[in-house]
Amino acid sequence: MVRVAALITFLACVVLSEALHEPGYCAFYEECGLNPSVGGTLIPPIVPCLNYSQARPILGDHYKKLQQVCPMLAQGEGNTFACCSIKQLNSLETSLTLSKAVLIRCPSCADNFAHLHCITTCSPNQSQIVKVTKVMNVTQLVGNPKEAVVGYQAFLTTNFADASFQSCKNVRIPATGGFAIATMCGRYGAKLCTPQRWFDFQGDSSNGLAPLDIDFQLMKEGDTTGVPEGVIPYNGRALGCNETTPSGGEACSCQDCQESCPSVPPPEPPTPPFTLLGIDGYLLISIILLCLLVLAFLTYLAACEKSKKVKDEEKGRRKKKSKDQNSNEIPQQAIHPSEVTCADKNSLAAQAFLSSLFRAWGTVMATYPLMVLLLSAVIVAVFAAGLKSIELTTDPVELWSAPNSRARQEKEFHDTHFDPFFRTNQLILTAPGREGYIYDSLLFGPQNFSGLVSKDLIIELLELQTRIQQIEFWSEDLNRTASLKDVCFAPLNPSNPSLTDCAVNSLPQYFQNSLDNINYSLKPTDSSAVVQKLHLSRHNLLFPFFHLLSSSPLSFKDITDLGMSCMADYGAPVFSFLAVGGYSNDDFTNAEAFIMTFSLNNYARSNPKFNVAMQWESEFLKIVQDYQKNPAANFTFAYMAERSLEDEINRTTAEDIPIFMISYAVIFVYIAVALGEYSSCKRILVDSKFLVGLGGILVVGCSVLSSMGFYSWIGIPSSLVILQVVPFLVLAVGADNIFIFVLEYQRDVRRPGEKREEQIGRVLGNVAPSMLLCSLSESVCFFLGALSTMPAVKSFALYAALAVLMDFVLQMTAFVALMSLDARRQDSNRCELLCCVKVGKERSNKPNEGFLLPFMRKFYAPVLLHRFTRVIVMLVFIIMLCGSLYLMFNVTVGLDQELAMPKGSYMLDYFQYLYKYFEVGAPVYFVTKKGFNFTSVEGMNAVCSSVGCDQFSLAQKIQYATNYPERSYLGIPANSWVDDFIDWLNPGSKCCRLYTLGPNAGNFCPANQCKTLYMKEDFINTYSVACLNSCISLRTQVHASRFMAYHTPLTNSQEFTAALLMARELADNITKGMRKIPGTSPDFEVFPYTVTNVFYEQYLTIVPEGLFSISLCLLPTFVVCCLLLGLDLRSGLLNLLTIIMIVVDTVGVMTLWGIDYNAVALINLVTAVGISVEFVSHMTRSFALSIKPTHVERAKEATANMGSAVFAGVAMTNLPGILVLAFAKAQLIQIFFFRLNLVITLLGMAHGLIFLPVLLSYFGM
């Protein structure tokens, strides 16, 4: 038997070696049967019979079939000869159809591909092109065994081969955004594919398509080395991709053929920095403004000196006239009547009117303290009862994105027509410290591999993935045990998924999550074997196979003897950028990180499955956290669940509550101690103001509770920002008013015959107008701030406005009553906490000025308002203003999401890994709304990117944008369901068409049976169900569709904002082009949607939004000040100017201290206006009502009397509480509450107690 086989082999070799290569002769003809050496192919591997004979004439149906399959060989019926039967043509057509499914987008490429195989199969001069190298006895389909060709050499010139390859190398697969050549070049992928490797793959019988082995010999023209005698390498003309085909096919589109691309100008470069005369424009403007202000001030000083000399001379003359007949001086008035202006008279009249009202009010409140306290408590209780229905907003979307904002409307539209973006649960794993290595591949040569790409690590990764996939838990919502399949995103089987249907993207998916597949190995056989068996190697199969899979993720069968698929077990490809990270230039083998992603359906919060998804994510976090603690784990990794952001923010808030409590306690202790008189050691317990301080804190707390309760009654939700900021704000306002009132009472002496209640009323009449001025300014300021469109700012402004107003009302009622009770106790010499205990020492009837007032009167005010000090102060603050203006234009706008996390949070590690290792950014969908005419050819051409499509279609414009990723922030072009649909319609592509409904359900549906189908109702019954769920929303017409691209990696809020802006510009450009298509609605629109848009849209408008909000807050500070000071415009303007300077300087210091400008900062800046009113308005009013003869003396009086109360009541109340916040864990609190509030308080104190007195001394009334 062995001898017989050897004899047959010898004879076959003799026959093959003696075969002739002559024109007009065939090397093989007709089908012989199935190739016994090939199995598991997509189509039957039918091989031809060895048959050296003349080419046959082609007539009748045979000729028609040749015209259909190989039109380049048709020379007219009767003049055409070929070496293939009609059966061979049918088999060739079937084989070409599968390849054309990915090449048909480019007709010239598909034509060249067919040209190649038609020449080798059917050419009448076949024997001059091919050399049979291997034959086998096979059983014919009908008949006896016969010699069949199972291998041959094909000789082609490099001109033809290169031209064919060039026409196909850029053809894309719209569904993936990748290149078709990647699926047709085997292990090399698109990047390493060459003409020779492309042809080698086509001739490899292990690729699942080729029925036999073809060894393509590419010969340079004129080179005959190794060419058998009589063989002439085929040198036909291959079409360029920008050429039309002889059968009428159009030139390939720009997306598939660079030569077809129109001349598209590059996008405009980003706006250059603002410059003047070659230097920073803002710096130059600030310097010029500084020079002008300094010059104006110095000029004003000179004018004042001259005016002062004139006035001194006038006073001298007046003094000479003011003598009687005996030359004795007549006493002069401190202020001459001519110096009293109308504004002065109005201010005094307004003060007298308001004082009389508040005096009467205060007397009544002090007379009936218990009744007042009872009524106040009832009113507060009624308001606070609304807290039972309080709604706390924690959803970031609801907090920072207005319901009517463009991003929210776009999100609502997208989520209504498509499923919301799925929930992401992800791990990014690295193995630091593992050395890389070089693998000497038989095919690729020496290849660098990172230490991460090793068999033991991939198996460990698979084990972790399996543990997570097998999570099970009891669900109260489902009343049964739930698992991943209950909530997972299963794109190919959404109705009834199994675990293998769940979308899990990871490297083990290249091996279908099979340990057996990972452990496979092969013995080296011949040159086609890809893997060597390395018995002791820990890497084994992974070296070449990893390269193959990452280069060609769409392969359903690799070209090795293993025959494994590269597709994930849930039926979709796993692209390299979703499985590995930390590589450069598509060098996947040097990846530094594995990426594992579990995608869950994003259910609405009202859906019971939302809770199930949250539970699954909790179990997911437990497993990965336990794994991280395992000392045997070889990975260092970061992780996150969709719920992680909200969880960490809530955890931080809970952990920082003690910090806020300590802060309030420190403030309370300070107020209680600072309000005491301490004139005698024996009277410490009598003169202390512990209960008054506690009462003041309670008043603040009751005002906050009343505000929150009232808005809860009417359905306006609260937020954590309100809980953290509003109490501080109201405490600053309330403490200031408390100090002003209490200190004024302590400095006052009861007049003879005056009752205690009358004294309290009189004191209240003196200070209440000032308290009204500040409280009313702040309240109106915040009410106007509620006009902001940003929900968090709006709700904060509403809560703060009512809280400030309620604080003033309770101070005028409950706190006055508390003061009356405390004064009664103090007059009775009773101890504060031990009311039954009396002390023998009587209270002194002298005013108690304490320490601060004398200090400021004797030392601080004289030094501050010294002639030279005033000039220095003005110059310093002018420099500060101009410097801050420059810095303000350089403040960073945005809020990086990691700042919302506490220090030490696992999410900080995740963000660090994300920015370091991810190679693409978030997906971005270009969504079309209803109103576009998809049913017309013009409409489809305006969207698609295939042959015949508009060169400036939707898909093409996105493609052009990806050519400039640094400007457009688009890294991967959009896939297009319209292109898939066009491929489905193309009769030349017979893949993937099945009836889904009707009597033919499950059967093949040829497109040529629906020639007018396009986008009509039949489309619903025939096109891909998966695409219907994810690409388009239609009923009887397309109501919405989307095209998915990918951003480049975005690492900070500035890049996210810029990406949003550029995507909108691109979408607007696309909209304008598509509206020109006949039948398109004028309100048709294309918009970009990314899941992060709702968070970053605010930064497109937050600068004008902030200017608007702060301007609205500044307006009432001017108006109310003018009105309550009797239309004193100058005082109102100086008051306004100082507050503006505080805000500007605050933004300048934000730039220096690295505090970004965002919605949280805007809330604090609005708060800064309110706190600045406390620092400024009391001083301005005190100065305006002073009756001292000169500006400087009036400024000294205001600084000593009111400045001491402001310093004790605002600055020293805020600072201790703010300093405590430095110990908070949350970075947001440290940056935007500690740093920013510290800056606001210090700048407010500096401007209110240093700059404003000097300013008033120069420019006051």
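In case you wondered, yes, glycine gets a Cβ from its N, Cα and C as well.
Features as listed in TrEMBL:
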DOMAIN    656-821  domain 'SSD'
REGION    312-336  region 'Disordered'
SIGNAL    1-19  signal peptide
TRANSMEM  281-303  transmembrane segment
TRANSMEM  366-387  transmembrane segment
TRANSMEM  657-678  transmembrane segment
TRANSMEM  690-714  transmembrane segment
TRANSMEM  720-743  transmembrane segment
TRANSMEM  763-790  transmembrane segment
TRANSMEM  796-821  transmembrane segment
TRANSMEM  868-889  transmembrane segment
TRANSMEM  1133-1153  transmembrane segment
TRANSMEM  1159-1177  transmembrane segment
TRANSMEM  1198-1224  transmembrane segment
TRANSMEM  1236-1259  transmembrane segment
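Touching of the transmembrane segment (868-889) and the transmembrane segment (796-821) is ruled out by the presence of fewer than three CB pairs under 8 A, sequence neighbours closer than 6 excluded. Across all of the domain 'SSD' (656-821), the predicted model scores a mean pLDDT of 82. Outside the transmembrane segment (763-790) by six or more residues, the chain places 350-351, 354-359, 361-362, 400, 402, 404-405, 733, 736-737, 740-741, 744-745, 748, 797-798, 800-802, 804-805, 807-808, 811-812, 816, 1098, 1102, 1105, 1108-1109, 1112-1117, 1119-1121, 1124-1125, 1159, 1162, 1166, 1169-1170, 1173-1174, 1177-1178, 1181-1182, 1202 with a CB less than 8 A from a CB of the stretch. At the 8 Å Cβ cutoff, the transmembrane segment (366-387) and the transmembrane segment (796-821) share at least 3 close pairs (sequence separation 6 or more) and count as touching. Among the stretches 281-303, 657-678, 690-714, 796-821, 1133-1153, the one making the largest number of Cβ pairs under 8 Å with the transmembrane segment (1198-1224) is 657-678. Highest Cβ contact count with the transmembrane segment (1236-1259) among the listed stretches 281-303, 690-714, 796-821, 1133-1153 falls to 1133-1153 (criterion: pairs under 8 Å). Beyond the transmembrane segment (281-303), the same-chain residues lying 6 or more positions past its ends with a Cβ under 8 Å from any Cβ of the stretch are 273-275, 871, 874-875, 878-879, 881-883, 885-886, 889-890, 1258.
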